[in-house]
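K.L.:
Okay, these came from Swiss-Prot:
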- 4-24: transmembrane segment (TRANSMEM)
- 56-76: transmembrane segment (TRANSMEM)
- 90-110: transmembrane segment (TRANSMEM)
- 122-142: transmembrane segment (TRANSMEM)
- 152-172: transmembrane segment (TRANSMEM)
- 191-211: transmembrane segment (TRANSMEM)
């Protein structure tokens with residue numbers, strides 16, 4: 001029990017690192033929450049700090065999710081405080097990753113006012129199901145390129161994830177042959193691509209949550225007032 005608690009606490013602290021706030025303070029001496037949408041996430045960093053900084057912030061937030069779902073769990077597997085949790089591996093990684101997402105949204109380092117958790121959730125899922133997430137990232141990037149709305153891309157990518165897992169698992173069984181190449185590079189633990197049913201359930205919950213956290217963006221999209229990002233600045 002103590003080991004599970006430690007995993008959740010450390011993952012929360014990792015997720016709580018306020019990347020966009022640090023970038024805003026370092027680059028412009030501002031609190032990014034006072035500008036744009038008022039959110040401390042990657043989307044607002046794109047708007048306020050430019051696409052290069054926004055991309056950097058997003059990548060770091062993604063890494064936070066990967067670290068929580070993979071590295072934190074791996075560390076405590078080899079250095080448990082008491083008995084290592086006897087639960088489904090994917091479920092454990094999801095718990096650690098979600099703790100990081102909660103940390104990102106309710107960061108202890110910034111008055112519990114953080115981002116929306118999209119990038120950190122994406123990082124968590126990259127650590128668990130990298131092949132499926134490559135497809136989801138493709139959906140995200142294509143949508144950003146076409147629409148110039150990161151919010152739209154985030155929503156569509158969230159919806160795409162459980163659909164892709166379900167299609168791969170129950171219709172095509174894509175990616176099963178990857179194990180040979182994974183073992184060849186001796187990286188099966190890190191890059192193991194799961195199609196566990198927990199991911200479908202979790203993906204549906206996350207999709208609903210992301211749609212809910214983007215409700216203000218959806219209102220602005222319907223009103224035609226949602227800001228677009230530009231690839232020609234900064």
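Glycine too: its Cβ is placed from the backbone N, Cα and C atoms.
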K.L.:
Under an 8 Å Cβ to Cβ limit, what residues of the same chain, 6 or more beyond the ends of the transmembrane segment (152-172), are close to it?
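P.N.:
Answer is 43, 116, 118, 121-122, 125, 129, 131-133, 135-137, 139-141, 143-144, 195, 197, 199-200, 202-204, 206-207, 210-211, 214, 218, 221.
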K.L.:
With Cβ distances under 8 Å as the criterion, find the stretch in 4-24, 122-142, 191-211 that has the most pairs with the transmembrane segment (90-110).
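P.N.:
Ranked by Cβ pairs under 8 Å, first place goes to 4-24.
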K.L.:
If I count Cβ-Cβ pairs under 8 A between the transmembrane segment (191-211) and each of 4-24, 56-76, 122-142, which range comes out on top?
P.N.:
122-142
K.L.:
At a C-beta cut-off of under 8 Å, are there same-chain residues at least 6 beyond the transmembrane segment (122-142) that contact it? List them, or none.
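P.N.:
Same-chain contacts beyond the ends: 61-70, 90, 93-94, 96-98, 100-101, 153-154, 156-157, 160-161, 164-165, 168, 174-175, 178, 190-191, 193-195, 199, 203.
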